[in-house]
Amino acid sequence: MTKFSSFQDCTQKYIVKNYFYYYLFKFSAALGEEIFYITFLPFTYWNIDHSVSRRMIIVWSIVMYIGQVSKDILKWPRPLSPPVVKLEMRTNAEYGMPSTHAMAATAISFSFFIATTNQYKYPFELGLVAAFVFSTLVCLSRLYTGMHTVLDVLGGALISAVLLVLLYPAWDTIDHLLLTSPFCPLFSIAVPLVLCYNYPKLDYYSPTRGDTTTILGAAAGATVGFWLNNQYAAPAYTSKSFQAGFPQIISTVLFVLARFFVGISVVLLTRWVMKSVVLGALGYRYQFPLRDLQARRRLEVEVPYKFVTYSSVGFTATVIVPLLHELLGLM
């Protein structure tokens with residue numbers, strides 16, 4: 001059976017002939033979006049390893065900033081539609097080269113693989129294949145959804161791989177400085193804010209500046225949280241639940257799920273509250289109604305709105321949620 005579907009502001013219709021590929025690549029495309037970042041990265045921190053999470057977040061934020069800025073400097077258009085059928089509309093206002101989905105997928109999957117291969121015992125080949133499959137699915141999803149050319153995707157993956165190679169030798173040094181330097185909180189907040197306020201200007205509005213601010217804000221809040229936890233010797237999550245031969249697998253799974261659902265509920269609540277509070281304060285300061293989309297896109301509104309909101313999310317995930325886990329006996 002086939003069906004016709006269309007998107008708002010898109011007159012072109014399409015027919016779904018293979019539902020397996022359709023849902024596979026729609027799901028894979030979501031692995032490069034906020035819904036994945038806001039769930040997987042905190043999950044790693046709460047349930048796997050702090051050092052792995054720290055490295056992934058730092059690599060992810062650096063790679064994504066370079067990717068977003070590169071788009072607006074190169075200004076390469078996305079594939080024309082028609083003949084391409086586009087299954088997404090939100091990112092259509094952005095330029096295409098490089099694909100930041102491809103960059104994020106490559107950075108997250110391979111940084112996770114590299115960081116865990118030295119800490120956990122599992123087959124090297126299995127980890128390598130898993131990272132390759134994850135990044136490949138996301139890359140292919142950008143072609144299937146009509147959002148990128150092959151060159152966009154290959155360029156994004158290649159840039160991300162080069163950045164990983166360049167950053168890897170400095171991982172331990174960067175991690176040590178972020179945990180111990182007294183200047184870390186100031187640096188973590190000031191540098192991203194300067195980068196966001198000085199983001200390349202375009203002739204028309206693009207969501208890339210807002211997305212970049214979201215990413216840098218979340219990383220800034222998380223980095224301050226990492227530093228604060230290290231300064232005050234916050235209790236670390238135990239790894240005993242993941243040791244081979246643990247007799248009660250069901251209890252372990254329930255324990256992990258409890259951490260995740262408690263944590264993600266608090267994170268989402270923080271995001272909702274901070275969005276309302278910050279946007280309300282900015283609306284009062286600049287005298288615009290909260291539903292005025294054009295006003296919310298202004299530099300003086302968008303940057304503080306998104307930065308404060310998502311830095312609060314990052315801080316909550318790394319400081320508030322672990323304290324709540326400890327209080328509930330989930331450490």
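Using N, Cα and C of the backbone, Cβ positions are placed for all residues, glycine too.
Because the structure is a prediction, the values reported are computed rather than measured.
The following features are taken from TrEMBL:
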{"type": "TRANSMEM", "residues": "20-45", "note": "transmembrane segment"}
{"type": "DOMAIN", "residues": "53-168", "note": "domain 'Phosphatidic acid phosphatase type 2/haloperoxidase'"}
{"type": "TRANSMEM", "residues": "57-74", "note": "transmembrane segment"}
{"type": "TRANSMEM", "residues": "95-114", "note": "transmembrane segment"}
{"type": "TRANSMEM", "residues": "126-144", "note": "transmembrane segment"}
{"type": "TRANSMEM", "residues": "151-171", "note": "transmembrane segment"}
{"type": "TRANSMEM", "residues": "177-200", "note": "transmembrane segment"}
{"type": "TRANSMEM", "residues": "212-229", "note": "transmembrane segment"}
{"type": "TRANSMEM", "residues": "249-269", "note": "transmembrane segment"}
{"type": "TRANSMEM", "residues": "307-325", "note": "transmembrane segment"}
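With respect to Cβ pairs under 8 Å, the transmembrane segment (307-325) is most closely packed against 212-229, considering the stretches 95-114, 151-171, 212-229. Summarised by DSSP class, the composition of the domain 'Phosphatidic acid phosphatase type 2/haloperoxidase' (53-168) is 84 helix, 0 strand, 32 coil. The transmembrane segment (126-144) and the transmembrane segment (212-229) are not in contact, since fewer than 3 Cβ pairs between them lie under 8 Å (pairs 6 or more apart in sequence). Only pairs six or more apart in sequence are counted, and the transmembrane segment (57-74) with the transmembrane segment (249-269) gives fewer than three Cβ pairs under 8 Å, not enough to call it a contact. Regional average pLDDT for the domain 'Phosphatidic acid phosphatase type 2/haloperoxidase' (53-168) in the model is 85. Against the transmembrane segment (151-171), stretch 95-114 shows more Cβ pairs under 8 Å than any other of 95-114, 212-229, 249-269.
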